[in-house]
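Here is the structure we will look at, set down as structure tokens.
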Amino acid sequence: MLFVEVALKVPLHRTFDYKIDPNITVHKGCRVWVTFANRKLVAMVVDIKAKTDVPENKIKAITSVIDERPIVSDAYLTFLKFTARYYCHSLGETIFTALPASLRQGEHPDKTQVPNYTLTEEGKASPKLRAKKQLALIEHLKGSGVTSLTELKALGFTTQQIKPLKEKGFIAEAINHCEAWSSHTLEIANKPRLNEEQAAICAAVNQQTGYRTFLIEGVTGSGKTEVYLQCLEKILNAGKQALILVPEIGLTPQTVNRFRRRFPNTPIDLWHSNLTDNERLHTWRRAEQGSSALVIATRSGIFLPFKSLGMVVVDEEHDGSFKQQDGLRYHARDLAVYRCATQQIPLLLGTATPALETLHNALNNKYQLVSLTKRAQTKVDNAYLLIDMKGQPHQNGFAPTTLQHIERTLARGKQVMVFLNRRGYAPTLMCHECGWLSECHRCSASATYHKSMSRLVCHHCGEQSYVPPQCVDCGSTNILPVGLGTEQVEQFLELQFPDTPLSRIDRDSTRRKGALEEALNEINEGGARILVGTQMLAKGHHFADVSLVIILDVDSGLYSSDFRATEHMAQLITQVAGRAGRSGEPGTVLLQTHYCEHPLLQDLVNNGYGDFARYALKEREEVALPPFSFLALIRAEANNAKLVIDFLSDLVPASPFSGIQLLGPIPAPMERVAGKYRYQLHIQAQDRAILHSYLTQLLAYVDKHPLANRLRWSIDIDPMDTY
Ligand SMILES: Nc1ncnc2c1ncn2[C@@H]1O[C@H](COP(=O)(O)OP(=O)(O)OP(=O)(O)O)[C@@H](O)[C@H]1O
Ligand SMILES: [Zn+2]
């Protein structure tokens, strides 16, 4: 008799054995159907063995084999086993998080094809068309030859343009070549000559054989993307594959476009949350078969099963979106380090604002630090101005000086960008008579006033309610909005500058499909002169005409209970500021603050992020916070606060464990969300191995804990925020 050890999508931290008829062939990395607790489940075979500890009368046989051949390699399974161990997550849940939905459900890996499009002879003859978007699509296909539907969608095209072009016979569906990409020859379009700093980095990367992580610390607009592109040439020329991880794809079609323009005939595939299940399966399979050369992906792309991976690039490595915030709470950048190290390939981490963890590793020579200190297309730097708000009169959050700057910039025909990381009209409503505040009754948070909808909306649980005509407590009609949101900024600026077109970009204004693309196009074509937005505006956009950037409120980041708050604030300021002065003349960055003298703020504006970050690292070292120690968080929540506290208290051992500091149970910074009480346990250690061995013991205990099934709990290794 033979036995298979399988991983199942269940939260238990263990695998399960089943028996299998020796006449049936099955391999590691194949899926099988099994019954588990009276349910039929897809299982992944992680080992095949001759013996089992399960008694003979207890062991069940598998129901059937799904895959004749393994769908993932041994090395890939090893990677997932590491992931599960590192994040203290069940192997089964880890494997089934990594697989695309169709494979989780037991479907055939070759179930689907995504159409490709190419120009017909009529299409190549530059047909006269009135629709601008249809023309743009024809132009695109002229450059790229064959392009998948997925890529066209990422570039902002829709079936509205594709269908009529197909009907008119200008484009046709093309055959999808699933051959290995390595049989192509690489075509490289025109490219700029690298400057000295860029060339030095490419040389260092190209020289590398085997594993090395490079941190490319390059100011915004210094040509990091150009460095990735030119480093990729060697990898692609060798017929290898590369993974490009980016924070967002929907927001930045330019990125995809840039890779496509540089490598016109190269199979590029995409992986992000807006794909359909079929599209995901398609990309997954093409990566696994070696048919894709480049995959541009968001966070979970780190789990794609490449056949011959040659390089990974993590662009904007500091970005919070690389950390998954529920389920398997992995960090894609950190997993990239493991993956590249085991596969002996280079990893490029690029950013203007390195995460302190990454910088620490670079300063310790664990990673190689390489820098781009100058902007690629302009010689000038942006000027920072701190606007002291203390005791100043202001209108809807704008100091008089700020308004004068806007006026002057507009008069010169330039664009102005106003940044505020809070959507809605005002974060709360207040009764002027009795002090009543609009609070969400399910969360410990205020409900945001959305004037255009006439609603109060909780940004934490989503609950909406009508704006009360009178104070709920005292009946007064004197109810006022307190604080500032983007909607209010928009209305105020429209009144101040009535003849100036304005565009607001935040989650509310871009909810309708295609709204974001329209707004971005309008900005790029110079229509909108004032741009108001949240961090959606901060990420990676290249707006040529912006020469004044205003950050309305930097104070909230200076004093916060989260030890990473100042780091995140400095990253955000630097990234937003980087949108100014991108072509030619220097930009101005105005920061409104009540704390002009704050040493971190002074350091940031006078000496730049690099200096700030090195100073901030020293501060972390003094108090032994990460990266100078290692942190794990156990979170628990339930409707009943006592249950949560009892559960977490019970996890605290009676006598201390050497090398481990425990704090808690303490309430989460937002104690109540959607009616649930949330508490947490902070577990800190100077040594990662000690932390992990402690957690392994703890988890074995939690798995059997009688309260564990009565509440929701989770463990977070290297948590990014402590809420
Ligand atoms: N060596 C070069 N010669 C001329 N132009 C260059 C060179 N390198 C980059 N550029 C141009 O400079 C601009 C900024 O470069 P790139 O987008 O690569 O910078 P980045 O550092 O990735 O920017 P971001 O700050 O948005 O991440 C682009 O328009 C790019 O084409
Ligand atoms: Zn709420």
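The backbone N, Cα and C atoms fix where each Cβ goes, glycine too.
If you check TrEMBL, you get these features:
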| type | residues | note |
| --- | --- | --- |
| DOMAIN | 205-372 | domain 'Helicase ATP-binding' |
| BINDING | C431, C434, C471, C474 | Zn(2+) 1 binding site |
| BINDING | C440, C443, C458, C461 | Zn(2+) 2 binding site |
| DOMAIN | 452-631 | domain 'Helicase C-terminal' |
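Positions of TrEMBL features highlighted on the structure.
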residue : record                : CB count, 10 Å
C431    : Zn(2+) 1 binding site : 21
C434    : Zn(2+) 1 binding site : 13
C440    : Zn(2+) 2 binding site : 23
C443    : Zn(2+) 2 binding site : 21
C458    : Zn(2+) 2 binding site : 21
C461    : Zn(2+) 2 binding site : 18
C471    : Zn(2+) 1 binding site : 19
C474    : Zn(2+) 1 binding site : 12
How many Å separate the Cα atoms of C443 (Zn(2+) 2 binding site) and C471 (Zn(2+) 1 binding site)?
20
For C471 (Zn(2+) 1 binding site), what is the secondary structure by DSSP, using just helix, strand and coil?
coil
So of all those binding-site residues, C440, C458, C461, which one's Cα sits nearest to C474 (Zn(2+) 1 binding site)?
C440
Rounded to the nearest Å - Cα separation of C440 (Zn(2+) 2 binding site) and C471 (Zn(2+) 1 binding site)
15
Alpha-carbon spacing, C458 (Zn(2+) 2 binding site) to C431 (Zn(2+) 1 binding site), which is rounded to whole Å
18
Taking 8 Å from the centroid of the Cβ atoms of C440, C443, C458, C461 as the cut-off, which other residues in that chain fall inside it around the Zn(2+) 2 site?
H441, R442, A445, A447, H459, H460, G462, E463, V673, A674
Checking the binding-site residues C431, C434, C471, C474 against ligand 2, those whose Cβ falls under 6 Å of one of its atoms come out as none
Which residues, in sequence order, are found in the same chain with Cβ within 8 Å of the centroid defined by the Cβ atoms of C431, C434, C471, C474 at the Zn(2+) 1 site, excluding those residues themselves?
H432, E433, G435, W436, V472, D473, G475, S476, N478, I479
One should report the C-alpha separation between C461 (Zn(2+) 2 binding site) and C431 (Zn(2+) 1 binding site), rounded to whole angstrom, as 23
